[in-house]
């Protein structure tokens, strides 16, 4: 069964952005800051082999934005995608920026939205490995905003990009009281 690609919307269309914000419960400043941050992060890409620049931005529930860029390696499997760079940066610097975890285990930090920027059109979606990494820190309803290099974007929910996903709730994490 073929999947119909999402429509390409314009970052210059107030109607497109208003519809996106309404559908995914984002404010216009959140959308603008998240999109601009992903595009800016793309400029930090280390991609001397593929020349395929990717920037990612994560929007926290409190409105903070954490960014990352892809970092290539001559041994391609060692390359780290922008989305995973941003996620690792978020986890390892979470307390330095005043961002707090919402809980422990499967109740940990959940992001409100994710943006990914590339130079190609139509926009590229996160790879399979990144989709699974995003799943660790995002609810299935989380919007993934995919920006192209021509001022266009598409949006899908994580559940559309990763159907039948395996998430933290599938594992039984021992509570603090049961470990004693």
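Backbone N, Cα and C atoms are what each Cβ position is placed from, and that goes for glycine too.
Database features (TrEMBL):
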| type | residues | note |
| --- | --- | --- |
| DOMAIN | 29-169 | domain 'CMP/dCMP-type deaminase' |
| BINDING | 81, 127, 130 | Zn(2+) binding site |
| ACT_SITE | 83 | active site, proton donor |
Euclidean distance between Cα atoms of residue 83 (active site, proton donor) and residue 127 (Zn(2+) binding site), Å: 9
Sorted by sequence, non-81, 127, 130 residues with Cβ within 8 Å of centre, Zn(2+): 82, 83, 84, 126, 128, 129, 131, 133
Helix, strand and coil counts within the domain 'CMP/dCMP-type deaminase' (29-169) (DSSP): 48 helix, 32 strand, 61 coil
Listed binding-site residues (81, 127, 130), ranked by Cβ neighbours within 10 Å, top entry: 130
Which same-chain residues, if any, lie at least 6 apart from residue 83 (active site, proton donor) yet have Cβ under 8 Å of it: 54, 56, 68, 114, 116, 126, 130, 133, 134
